[in-house]
Amino acid sequence: MSVLQVLHYPDERLRKIAAPVKEVNGEIQRIVDDMFETMYAEEGIGLAATQVDVHLQIIVIDVSENRDQRLVLINPELLEKSGETGIEEGCLSIPEQRALVPRAEKVKIRALDRDGKPFELEADDLLAICIQHEMDHLVGKLFVDYLSPLKRQRIRQKLEKMAKLNARAN
């Protein structure tokens with residue numbers, strides 16, 4: 001397994017729409033494993049393939065405290081959503097920035113697992129929020145897209161400043 005490079009906003013590759021996975025095979029499973037390795041290394045709770053410049057409908061999630069409840073969603077489909085909630089969300093592609101984003105409180109999805117087997121899942125709370133956040137990535141949407149243009153511009157400026165400082169340090 002290897003740690004992949006996470007794309008950072010405003011990189012336009014984050015806006016690409018992911019294609020469905022045609023066949024779950026060894027290559028797809030390797031991508032899934034590398035995505036988990038990357039997510040854990042970056043201390044995230046979810047990662048969409050788009051964020052590592054792989055434009056396929058693959059999501060990995062682990063919201064557990066012990067980091068031992070891996071969830072793989074290949075070709076996920078939202079079947080139902082209900083209620084309203086929101087927390088301050090962060091994103092590995094938008095480092096050190098957080099914002100309150102409105103989300104459905106509960107979701108029901110259908111997807112394929114790491115072995116290509118179909119399943120349905122009902123989720124609520126943090127898991128439901130994480131699923132919605134990662135599914136947004138698959139259609140080129142970021143949490144900053146829910147914010148006002150002014151807030152979005154501020155975040156962009158902060159990230160550009162951070163990138164310049166990091167470039168000088170290296």
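All residue numbers here begin at 1 and follow the chain in the order shown.
Each residue, glycine too, has its Cβ placed from N, Cα and C.
The following features are taken from Swiss-Prot:
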ACT_SITE  GLU134  active site
BINDING   CYS91, HIS133, HIS137  Fe cation binding site
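A distance of 9 Å separates the Cα atom of CYS91 (Fe cation binding site) from that of GLU134 (active site).
Using the Cβ center of CYS91, HIS133, HIS137 for Fe cation, the list of other same-chain residues with Cβ within 8 Å runs, in sequence order, GLY46, ALA48, GLN51, GLU89, LEU92, SER93, GLU134, ASP136, LEU142, PHE143. For the recorded site, CYS91 (Fe cation binding site), the DSSP three-state label reads strand.
Counting every protein chain shown, 24 other Cβ atoms lie within 10 Å of the Cβ of HIS137 (Fe cation binding site). Within the same chain, residues at least six positions away from HIS133 (Fe cation binding site) with a Cβ under 8 Å of its Cβ are GLY46, GLU89, CYS91, VAL101, ARG103, PHE143.
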